[in-house]
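Reviewing the structure listed below.
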Amino acid sequence: MNLKNRHFLKLLDFTPEEITAYLDLAAELKAAKKAGREIQRMKGKNIALIFEKTSTRTRCAFEVAARDQGAGVTYLEPSASQIGHKESIKDTARVLGRMYDGIEYRGFAQETVEELTKYAGVPVFNGLTNEFHPTQMLADALTMREHSGKPLNQTAFAYVGDARYNMGNSLLILGAKLGMDVRIGAPQSLWPSEGIIAAAHAAAKETGAKITLTENAHEAVKNVDFIHTDVWVSMGEPKEVWQERIDLLKDYRVTPELMAASGNPQVKFMHCLPAFHNRETKVGEWIYETFGLNGVEVTEEVFESPASIVFDQAENRMHTIKAVMVAALGD
């Protein structure tokens, strides 16, 4: 499978076989790192990390993955980057493309990362946009593969909550591309766009995936192997939307009762993080004082239970991001 010099922007750009090749490479690289026998395949390479949105996991994953493989990284933080402010995306791409072997972008519009690819002349990796989160999808798929005990095309998962943005969009496409049984449980007003749903159905025709969108959370999770969720209010949204979102999504909160509704005693909980699962953050305490909720999209009981595999999932961000870079740039 030749993934050399490929951009990594969204899963819709890849065949099921190519996505599986990334997962296989990630598993191989993970095993090599754990065994202390990792071979550096990116010596002398340099990666630019453009962050218009802050991040813990994505930044750390790219930096550790690159350094493990012998590559250098430059982190361009939100306050330091001139992209789109004093310098156009087109010009930024052409400058960085002369200095770096690859560029990671984490920001807002998908159009921005797509434009970078047109002018950079080097592989561009999408660390997150409003529309898609493809590196997270590889981590999620690898984590499900590790914990499922069966092939992904025999695995079922549900995403419950606000499904309009990058996680809902991307998980729907992931399941469709890999022939999985994928369900979205959300109010219809918070479903992915018609275009995303149509793309998922088109992919499912090729792979045999089963796609379900429902407003009934219990129906969504019935007989699944994994239950995913994400925060109910996204980065940059005003505090005023919290009450509206809580009213809309209270029935989609991942509680022990919702986990039990799967009917699967081995069901696992997944979350891309950060999660509002208790009062131990400033935002979590504010939510508790304002709305009386100790934990929002997931309860502390579920988050800290043996069913929670969120930290395996977080670790796999690094191994899968490493696979993307090695596939594109490795010797």
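Cβ atoms here come from the backbone N, Cα and C positions, even for glycine.
A quick note: this is a predicted structure, and the numbers were derived from the prediction, not measured.
According to DSSP, Thr135 (carbamoyl phosphate binding site) is assigned to a helical segment. Sequence-distant contacts (6 or more apart, same chain, Cβ under 8 Å) of Thr135 (carbamoyl phosphate binding site) comprise Phe8, Thr58, Ala61, Phe125, Asn126, Gly127, Leu128, Arg317, Thr320, Ile321, Val324. Under the heading carbamoyl phosphate binding site, Swiss-Prot lists Ser55, Thr56, Arg57, Thr58, Gln82, Arg106, His133, Pro134, Thr135, Gln136, Cys272, Leu273, Arg317, citing sequence analysis as support.
Other C-beta atoms found within 10 angstroms of the C-beta of Ser234 (L-ornithine binding site) number 16, with every protein chain shown included. The L-ornithine binding site annotation in Swiss-Prot covers Asn166, Asp230, Ser234, Met235.
Ranking the binding-site residues Ser55, Asn166 by how many other Cβ atoms lie within 10 angstroms of each Cβ puts Ser55 at the bottom.
Comparing the binding-site residues Arg57, Arg317 by how many other C-beta atoms lie within 10 angstroms of each C-beta, the top residue is Arg317.
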